[in-house]
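Below are the features listed in TrEMBL for this protein:
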SIGNAL    1-25  signal peptide
DOMAIN    21-221  domain 'GH16'
ACT_SITE  GLU107  active site, nucleophile
ACT_SITE  GLU111  active site, proton donor
CARBOHYD  ASN115  N-linked glycosylation site
Amino acid sequence: MKNFHTALIFFIGFVSSSLFQDSVASVVSTGDFNKDFFVIWSPTHVNTSADGQTRSLKLDQESGAGFASNQMFLFGQIDMQIKLVPGDSAGTVLAYYLTSDQPNRDEIDFEFLGNVSGQPYILQTNIFADGTDNREERIYLWFDPTKDFHTYSVLWNMHQIVLMVDTIPVRVYRNHAEKGVAFPRWQPMSLKATLWNGDSWATRGGQDKIDWTKGPFIASFRNYKIDGCVWKGNPRFCRAATPANWWNQYSSSTLTSTQRRWFKWVRKYHMIYDYCQDNQRFQNNLPRECSLPKY
């Protein structure tokens, strides 16, 4: 009997250890762009420092450029410091986003829409869930994002998606799946960054085109951190509220009181478009989440 108990304890310990190892998720990035990402197009327009700590993308008349993470993730928090295209950047779009790349894809977007010199930069955010988007929100950034690096973050868990600028929440998309609202919760996503020509729509609805004489247009990246659950084929590990999956804990299930104050400040003073206010676009039939609480 003693041997049986010893064997049983060993077996339970082994299984627990295996499950823990499979579900352990802390900071999974190295800080080296060359190790954590691959170039998805136009390598000649991607410049990485010798130590791999900084990377820039270039847009000119020949091409834009982009890179993507080697791994896919299901939940976590991702931070990236970005310095946007300076000067007259009208018509350019820098996208920094998570995407599942499936036909019914999930996606969480930051899109920085270039501007004419002297005008504020517009940040557009969007959420795709089960292949459906049309959830755009736009804000003016309250600083010049071309002068220095600022941190743009995504917190994604079973409860909510929070997009942040320098830790200030600028967008919240709550999980109301039980009320029939699609929410990204099954498909793993990779992290991507792309710089491209969007002058058919990006600046004043496409009225301001890219002035190629002002190029090349360059956006820079550094100090990223990926703190997420690496996809290994089983969503159960990533959905568990374990100590390693800290983002699934109760403390990350909604905005804190301080975050709520900042969020209200952004919406009151900096928001310029909210799809949930666009009755004309949706013919007075707004998406269901528009009538549900954000936190």
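Cβ coordinates are placed from backbone N, Cα and C, and glycine is handled just like the others.
Because the structure is a prediction, the values reported are computed rather than measured.
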Run through the Cβ atoms and count how many others sit within 10 Å of the one on the residue listed as 'active site, nucleophile'.
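Its Cβ shell of radius 10 Å holds 21 other Cβ atoms.
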Cα of GLU107 (active site, nucleophile) to Cα of the residue listed as 'N-linked glycosylation site': how many Å, rounded?
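The Cα atom of GLU107 (active site, nucleophile) is 25 Å away from the Cα atom of the residue listed as 'N-linked glycosylation site'.
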I'd like to know the mean pLDDT over the domain 'GH16' (21-221).
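A mean pLDDT of 93 is what the predicted model shows over the domain 'GH16' (21-221).
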May I ask which residues of the same chain, at least 6 positions away in sequence, place their Cβ under 8 angstroms from the Cβ of ASN115 (N-linked glycosylation site)?
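Within the chain, ASN115 (N-linked glycosylation site) has Cβ neighbours under 8 Å at ASP88, SER89, ALA90, TYR121, ILE122, THR203.
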Return the residues near GLU111 (active site, proton donor) by Cβ distance under 8 Å, restricted to its own chain and a separation of at least 6 in sequence.
VAL93, LEU94, ALA95, TYR96, TYR97, LEU123, GLN124, THR125, ASN126
